[in-house]
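**Student:** My structure is below; once you've seen it, I'll send some questions.
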Amino acid sequence: PPCGTCVDAAPRCEPQRPQGDGIPKESSPFINSAEMDRGNIYEGKNMALFEEEMDSNPMVSSLLNKLANYTNLTQGVVEHEADEDSKRKEIKAPRMGTFIGVYLPCLQNILGVILFLRLTWIVGTSGVLESFIIVFMCCACTMLTAISMSAIATNGVVPAGGSYYMISRSLGPEFGGAVGLCFYLGTTFAGAMYILGTIEILLAYISPSAAIFKAEDADGETEAMLNNMRVYGTCTVALMAIVVFVGVKYVNKLALVFLSCVILSIFAIYAGVIKTAFDPPDFPICLLGNRTLSRRNFDICAKFIEVNNETMTTKLWSLFCDNPSLNATCDEYFNLNNVTEIQGIPGIASGVLIDNLWSAYTDKGSIIEKKGHPSVTGTEETKVGGLPYVFTDIMTYFTMLVGIYFPSVTGIMAGSNRSGDLRDAQKSIPTGTILAISTTSFIYLSCIVLFGACIEGVILRDKFGEAVNGNLVIGTLAWPSPWVIVIGSFFSTCGAGLQSLTGAPRLLQAIARDGIIPFLQVFGHGKANGEPTWALLLTAFICEIGILIASLDSVAPILSMFFLMCYMFVNLACAVQTLLCTPNWRPRFKYYHWALSFLGMSLCFALMFICSWYYALIAMLIAGCIYKYIEYRGAEKEWGDGIRGLSLNAARYALLRVEHGPPHTKNWRPQVLVLLNLDSEQMVKHPRLLSFTSQLKAGKGLTIVGSVLQGIYLDKYIEAQKAEENIKSLMGVEKTKGFCQIVVSPSFRDGMSHLIQSAGLGGMTHNTVLMAWPQSWKQTDNPFSWKNFVDTVRETTAAQQALLVAKNIDLFPTNQERFSEGNVDVWWIVHDGGMLMLLPFLLRQHKVWRKCKMRIFTVAQMDDNSIQMKKDLQMFLYHLRLNAEVEVVEMFENDISAFTYEKTLMMEQRSQMLKQMQLSKNERERENHRISGLEGTTRGHLVQPPAQSRTNSQVNHPSQVFPNIQPGPPPLQLETIDRKQGQPPLFVFLGKTQLNWRGKGSLCLPSRSSHFKPLFPPSDFYFGAAVLSAAGSKILLKWL
């Protein structure tokens, strides 16, 4: 191959050696050589996208290898434990399938502490039927959520973060951050719940003698138990946090042990149930009447026994009597009732299911009683405190049990959290998750029926097994040994606690690294290998809060709220994406529907308030505060979320609704198109124009800020982008809420015309144009300045829009200024329906003008009834609900324009006549058109200037006369009238403004003079218009 050109200091070329097909690598300026060199790190490495498993290992060996490498940790944890890149071993491509990668982790996460410690108590308290309803509702909620989650998870790869990633990328950073933090709190409190379950199993069923705090009497047992759980729980949290910090890979080796404990425990329960059908275990319960007795302080269930033909009292006798003798004084209920012993687990064929069908809710401190058992109540109430009865520790009711049970069905996100480790995530996640939920739902529902059919009701309601000497009821039911359940549940809950302390910090780290919540940035950092050290410390601290609560039944509803909120928004995300039909919504999982997602969302919302309405409100308040914080302080992220699509659909729907007809008078407000001038650097010449706009609009209604660049778009598109950025930046500084539109046109006049015609969309179009007075209109060497201005006025009029012209706009107040006093004066010459009243009213809504007063001036002739005119105007303002002072200025007739007076008089007469006639709407419109035609004829006659001052030549200079005005009803006409020789011409604005008008008329804002005087000699024709002038702290609307 030919030698290339060398550019180094020693120009020496060596021929390239052919590689591969013999064609050398291309040298192109579009290829980054640094990146090509960086790509060399992949040479010699296995980069296969797919590799047959059977090529290397046979089937049995492969399965055993997968089980040996089984992990229940979230994606990315094992990689964090590896060494640095230079020392990292070669990692094979993800090979996990549905069973190992999704099904077993979900199974292990769902089956947990509630099944072993609380399910029997829930069945005994609420009965089989209501327990079935509780479990069915919760399982249906998770199944519907799994369907929605499967659709979202198969619409792309879900990296570390799991549910947070799905919600944030579907509903936006605000919802994602709020729900992600709630899910983080739920996962952290779940860790606290698992740790509390571990300590409860340890102290109640494995080693009761390990308790540090001992209860002196029965009343202090609960408090002593809670204190023991606080001490042991704190130590366990610290130990687990150290283990997670040192290395999760060591705990990962025990993942298969934890999974085996769960599966063996489930099989042991079913085996024990089958065994009770022909050989029920010996599990006696001692009853006094129908009251259950605690077996912790006595061993013989009898009042007295025969020893060597002699009647001896038992230890039970001494618990109810003041001395062990037969003639001792005993408790009345003890004397009246017999002591009986029944079997706690009579077996599945005993028919006890009928007795356990219905609920038995009780208050706190109630004695657990067997329904239907004979009992004799004493005549007087006896104190039961201190007696060896089995008491309930909390008040029970249906909704509370829902909150306690729901955490047992969580854990459905285990598969989606590890999608990157799966061979085919889009197939494995839906299949494995739905199968796991179906399996666990069957286990829970069948256990409810089997527990109710095998175990006596009083034992089911005995939460801590006091009636059976502190044994675990479900352990006694299991076969071959109770220790299978005790040890299995201990290790499974311990493993679940470790997993929560491992997964929660990484979820917080994912949120922090997204940068949507500024104060969480510190938790995105950690060790050099990526371990979230700071997030782990925060997680351990929050987990300690749950440990200090110490009661498993109090912690469970808290995490139920956070999980339910997370699941609710997963369903919402799927429903929104489905209804919007966005192009990128193409999930591989097809068995979903927006109705199912909406049903799941409604069920989650209902369960939140069923569990605990005050916890639900607190959780929603926390999520709402986080949402608003992210909205106002968080970093802006564009993730193509569904909320933005929903906003676009809502905007489209609203625009179509607005398009149906003109706005009502009550809804009218000026929708402003602000025309800005730019300098050579594409900077705004008059920034105060935007200040005035924000003061006039106060963020309400439509504001379009437009400008024109002269040239060809292909040559000016970069300048157009720069101008748009500058204008948007200035709009942000001036707090002008609106839209920016830049037009590139060969001529400035055509660009202005395009803006006036095409700005806005549908019903959201402008009805008012705001621009600055041309500065160089008097200069003869710049004829286009005034001509462009005049053409803009004419085009605004043709578009039936109002025109606001601000003169000396740079002297207007900024948004930071505050007027402590002053007046806004309105010189009301022509009856315009209240337009001139509306403008100062809108200005006074802003902080700059809030303390200014409003004054209305009107003009009357000397022989008019000024007092009556003032009263009428005050009444008119009263009906408009405006507070303003009214002044009537009397002038001679020759000082008042005949047209102005006639116009005002005719409009007042017409309004009064139509009001008196009480015509229908159509009739009033016809009458308006007829009278407007008469006005146009009169106006066409009035505005004819003297013949000698008019010319038909082309208008090239303001001294020349504009085209003749023909009779008719045009809304606005512009005339230039030559005054006496040597005097400059004056512009005259003609038009009408009505409150229900869609932009007819004009408002001229030129002068800074602070006094009123007629500007035209009596011999010339002129028309009244409002003038807004700024003089010190006073802003005056005047008349020309």
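Each residue, glycine too, has its Cβ placed from N, Cα and C.
Fair warning: this is a prediction, and the values are worked out from it, not measured in the lab.
Annotations per TrEMBL:
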- 921-932: compositional bias 'Basic and acidic residues' (COMPBIAS)
- 946-956: compositional bias 'Polar residues' (COMPBIAS)
- 102-274: domain 'Amino acid permease/ SLC12A' (DOMAIN)
- 395-673: domain 'Amino acid permease/ SLC12A' (DOMAIN)
- 1-31: region 'Disordered' (REGION)
- 921-956: region 'Disordered' (REGION)
- 96-119: transmembrane segment (TRANSMEM)
- 131-154: transmembrane segment (TRANSMEM)
- 175-196: transmembrane segment (TRANSMEM)
- 229-248: transmembrane segment (TRANSMEM)
- 255-274: transmembrane segment (TRANSMEM)
- 394-414: transmembrane segment (TRANSMEM)
- 434-460: transmembrane segment (TRANSMEM)
- 480-498: transmembrane segment (TRANSMEM)
- 534-552: transmembrane segment (TRANSMEM)
- 558-580: transmembrane segment (TRANSMEM)
- 592-616: transmembrane segment (TRANSMEM)
**Student:** Which sequence-distant residues neighbour the transmembrane segment (175-196)? Criterion: at least 6 residues beyond either end, Cβ under 8 Å.
**Tutor:** 112-113, 161, 163-165, 167-169, 229, 233, 236-237, 240, 407, 410, 493-494, 496-497, 500-501, 503-504, 507-508, 510-511, 514, 516-517, 539, 542-547, 549-552, 555-556, 558-559, 561-563, 565-566, 569, 619, 622-624, 626-627, 630, 634, 641, 643
**Student:** Counting Cβ pairs closer than 8 Å, which of 131-154, 229-248, 255-274 has the most of them with the transmembrane segment (96-119)?
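**Tutor:** Answer, by Cβ pair count: 255-274.
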**Student:** Which residues, given as numbers and ranges, are at least 6 beyond the ends of the transmembrane segment (229-248) yet have a Cβ under 8 Å from it?
**Tutor:** 73, 77-78, 80-81, 192, 195-196, 198-200, 202-203, 212-213, 497-498, 501-502, 505, 531, 533, 536-537, 539-540, 543-544, 547-548, 550
**Student:** Over the domain 'Amino acid permease/ SLC12A' (395-673), what is the model's average pLDDT?
**Tutor:** 86
